[in-house]
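What TrEMBL records for this protein:
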type     : residues : note
DOMAIN   : 97-316   : domain 'MacB-like periplasmic core'
DOMAIN   : 370-487  : domain 'ABC3 transporter permease C-terminal'
DOMAIN   : 515-722  : domain 'MacB-like periplasmic core'
DOMAIN   : 762-871  : domain 'ABC3 transporter permease C-terminal'
TRANSMEM : 96-118   : transmembrane segment
TRANSMEM : 364-386  : transmembrane segment
TRANSMEM : 415-439  : transmembrane segment
TRANSMEM : 459-486  : transmembrane segment
TRANSMEM : 507-528  : transmembrane segment
TRANSMEM : 762-780  : transmembrane segment
TRANSMEM : 807-826  : transmembrane segment
TRANSMEM : 841-864  : transmembrane segment
Amino acid sequence: MKHKPPVWADRFFAWFCAPHLLHDLQGDLHERFYERIRDDGVRAARFHFVLDVFSFFRPYILRRRKHGFSQTSFRMLFGHYLKSAFRSMKRDKQFLVVNTLGLALGIGCSLLLIAYVYTELSYDRYVDDPSSVYRVSCSTVIDTKETQFAPIPPAIGLALKEALPEISDMARFMTWSYTTGNSSVSYQDKSFYQQNIFIADSTIFKVITFRFLAGNAAALRQPDRVVLSHTLAAKIFGPDYLQRRDLLQTVIRIDKQEFAVGGVVDDMPYSSHWRPEAMVGWQGRGNDNVWDDSHAYTYIRVNAGTDPQALQKRMSKFIAANENIKKVAEAFGAKVSVFIQPLTDIHLHSDKMYELSPGGSIGYIYAFSVLALFFLFSSGINYTNLAIAASAHRFKEIGVRKVIGALRHQIQKQFMIEAVLITFIAAAIGAGFFYLLIPRFNALMEYKLDMDIFRQSEFLAMATGVVMILSLLSGFYPAFYLSWINPIQILKSKFSGGPGKAHFRKTLLMTQFAISAIMIVAVLVVSAQMRYLSQKDLGFNKENVMIVTIPDAYMKDLLVLKEKLLAVTGVSGAAVCDYVPGYSDMVDEHYVERANGEMKSSTVSRLHFDKDYLRVLGLEVIQGRNFDPTNEADYKAAYLVNEAAVKAYGWDKTPQGALGRKIEGFNYGKKGQVIGVVKDVNLFSLKQKVAPLVMGLTPYASFLYVKTDGQHPKEMVRRIEQTYKAVMNNEPLSYQFLDERLMRLYESDQKMNAALVSGSQVLIFISCLGLFGLSSFMVTQRTKEIGVRKVLGASLREIMVLLTRDYVRLIIMANAVAIPLGYLLMRQWLKSYAYRVDLSWWMALVPVCLTVLLALLSISFQVARASRANPVRTLRYE
């Protein structure tokens with residue numbers, strides 16, 4: 001075997017040596033290397049070769065000539081490079097189509113995900129100087145359990161504004177309908193339910209940026225004025241409402257209260273965590289003296305240069321010294337604190353009680369960013385693999401170019417320009433895919449993306465950068481590899497690419513299918529978990545239960561409505577309750593008697609309902625009794641608890657048990673005792689285990705649960721609506737179904753599942769597309785071999801096996817690496833659920849079978865066509 005100089009040293013010398021000196025000096029180095037092998041041996045020759053290379057690293061050798069291969073010559077050659085690139089693409093149309101389609105899909109899908117991530121990260125940045133705006137939230141620690149609340153007591157905001165000079169402005173707002181969020185809006189003969197109506201300080205316009213279309217910021221200083229959003233104003237008055245001269249004197253009714261329109265503001269951007277449709281003044285409605293009830297969303301704007309950490313310390317010190325806070329903390333047996341959260345962090349960290357909206361997920365940001373990288377990586381692998389495979393057709397072209405004087409860096413520039421050109425053609429097609437995929441993405445994710453995002457300079461620069469980086473990375477290795485080809489070997493037809501290059505292509509192919517296998521595992525696990533959640537027995541009857549929302553203004557008619565609905569054909573029961581799954585958990589602080597008789601503060605989930613609630617949902621009282629509405633004491637001094645509460649407070653370990661245990665509740669001022677124990681059921685999310693639950697009796701609540709027979713659901717809704725309107729003075733009906741509402745608890749994971757399914761389909765398609773192109777070149781290269789084997793008697797099956805076994809082996813190896821990794825990732829994800837599906841053996845088998853099957857389908861056409869070809873023709877190939 002002929003010895004060669006150290007490759008790395010030889011390439012290092014070629015990299016730093018001036019082009020006009022490289023040929024002579026490198027030749028001298030090689031000649032001296034072989035002389036030393038003869039005289040001193042291989043090891044000494046290699047050592048001295050490295051020393052010689054570094055001895056040449058000096059200015060004379062590094063300095064390029066100002067003439068010759070200058071920037072001017074590159075500009076002159078650029079047109080030639082483009083012409084060569086177009087000729088190459090025209091000559092090899094299959095390479096162009098496969099590569100362009102793969103890159104276009106990868107770029108289009110990745111840009112869609114990048115647009116989502118960009119939008120999520122830009123939430124609330126429309127506000128003037130967003131870095132100076134913070135939300136003030138609070139937390140309570142009771143019995144080592146911390147609960148954080150997005151709103152705070154309204155008195156705290158005022159106290160902070162007066163005590164801390166760093167705060168330039170403070171504004172509070174709270175929901176108009178505190179229970180359901182729905183309010184009745186009427187004007188003339190129009191009447192409908194509207195969400196997102198708030199009571200707000202007049203200073204809200206100083207803290208949060210609004211653009212007035214009519215009126216001004218002084219509107220909320222008057223208690224009988226309302227400020228509408230553009231959408232709500234158009235809904236009430238029509239699209240040409242701004243042409244009305246009497247707009248600012250027009251009176252509308254909200255839950256039967258009259259307000260004159262004081263202003264109209266433009267709709268808040270989609271990238272806002274708070275999107276009010278109407279605001280009325282705080283004065284006369286908000287209570288500035290409440291210290292113990294968190295219902296005021298409080299925002300502050302701080303002075304320029306304020307250190308948020310120093311502000312937080314001063315705020316904590318003030319709260320710790322405030323006498324009113326001390327009294328509340330003592331009454332609740334809790335530790336109370338407040339903290340600030342930057343406005344721009346709220347959307348992605350909306351994990352507190354009573355958030356304004358579900359918010360985004362930082363997990364989505366990470367997941368979609370990784371998925372976008374997968375798309376780009378997979379499409380880039382396609383280009384690199386196919387470019388190396390297709391280079392076999394261009395070896396002689398490269399050899400001729402080198403023989404007539406082309407330098408290595410010129411060959412590299414030529415192929416890099418081809419890569420950039422193909423990538424930008426693919427990017428243009430990818431923008432079309434982006435446009436076509438937007439409706440599908442918006443439907444799956446319940447999101448709002450459009451092509452206008454390309455008008456934002458930051459996103460456009462980001463997209464251009466992504467495309468440029470992809471083109472450079474995917475084109476770098478083929479250009480580098482082809483520029484190092486020895487022209488003498490090429491022209492003698494002795495160059496085959498070498499085994500190292502084949503190993504590199506196989507590694508890329510394995511990586512590509514490993515990514516696809518991980519995606520398949522993720523899809524299988526998430527789908528199985530969603531199916532498990534929908535089929536799991538929650539311990540109560542969730543089917544055929546309709547939940548009717550009762551407006552606050554019509555609460556007095558609730559009992560009449562319930563009686564009328566029970567007379568409707570097909571209605572088997574009705575009950576009132578103050579909770580609907582999917583809203584913030586109903587949490588209160590209670591003093592609860594422990595097993596040793598001590599009264600101790602606890603944070604407990606709570607429900608209030610009437611006597612029929614247990615029967616309508618099929619809940620079972622396993623100890624004691626249900627509420628008795630004829631017993632006045634049950635309204636004031638009686639509680640039901642669940643089994644989890646019995647275990648949590650140690651009552652199951654005492655002879656007395658749970659019955660008769662004392663509970664003191666604050667919100668309703670009730671001091672009573674336990675009269676019954678209800679069997680544990682999953683009324684809340686299955687991400688948590690069944691928590692201690694305290695239940696109280698009330699005849700009125702914001703939601704009416706109606707149990708039906710499930711027959712003819714559309715007709716049943718129509719009957720209930722007729723009855724509702726007859727009782728509620730023709731108010732529109734707002735309803736939902738319990739089973740659908742329960743599944744919305746897992747809405748974010750369902751969206752993730754939909755995104756994973758779609759993403760895995762695209763990734764598998766890109767991988768198979770690349771495999772199709774690669775197999776095509778492989779079959780072309782082995783055409784003569786196939787002909788020889790057929791002449792020697794090889795069967796069609798033997799040739800098929802010969803040509804496909806390497807790919808099948810690679811894909812199985814890719815699955816062997818990917819499936820354990822996918823299992824680890826999904827096991828970690830499943831830990832977010834208290835009740836979860838078990839990982840099964842078939843979740844490992846399906847990715848293997850699916851990827852192998854799809855790979856065989858991708859290459860079988862090319863292989864079958866080559867196997868059936870006439871051997872006479874194949875032997876004449878080339």
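Glycine is no exception: its Cβ is also placed from the backbone N, Cα and C atoms.
Just so you know, TrEMBL annotations are computer predictions that nobody has curated.
A quick note: this is a predicted structure, and the numbers were derived from the prediction, not measured.
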Legend entry - Winner by Cβ pairs under 8 Å against the transmembrane segment (364-386), considering only 96-118, 415-439, 762-780, 807-826: 96-118
Legend entry - Positions on the same chain near the transmembrane segment (96-118), where near means CB under 8 A and six or more residues out: 89, 364-365, 368-369, 371-373, 375-376, 378-380, 382-383, 386-387, 422-423, 425-427, 429-434, 437-438, 441, 445, 447, 449, 453, 458-459, 462-463, 466-467, 470, 474, 759, 762, 765-766, 769-770, 772-773
Legend entry - Same-chain residues near the transmembrane segment (762-780), Cβ under 8 Å, at least 6 residues beyond its ends: 94-95, 98-99, 101-102, 105-106, 109, 374-375, 378-379, 381-382, 385-386, 389-390, 392, 505, 509, 512-513, 515-516, 519-520, 786, 803, 807, 850-851, 854-855, 857-859, 861-863, 865-866
Legend entry - Sequence-remote partners of the transmembrane segment (415-439) [C-beta within less than 8 Å, at least six residues beyond its ends]: 78, 81-82, 84-85, 88-89, 96, 99-109, 111-112, 115, 383, 387, 449-451, 454, 467-468, 470-472, 474-476, 478-479, 482-483
Inset, instruction - Using DSSP, tally how many residues of the domain 'ABC3 transporter permease C-terminal' (370-487) sit in helix, strand and coil. - result: 105 helix, 0 strand, 13 coil
Inset, instruction - Could you put numbers on the helix, strand and coil content of the domain 'ABC3 transporter permease C-terminal' (762-871), residue by residue per DSSP? - result: 92 helix, 0 strand, 18 coil
Inset, instruction - Find the average pLDDT over the domain 'MacB-like periplasmic core' (97-316) in the predicted model and report it. - result: 91
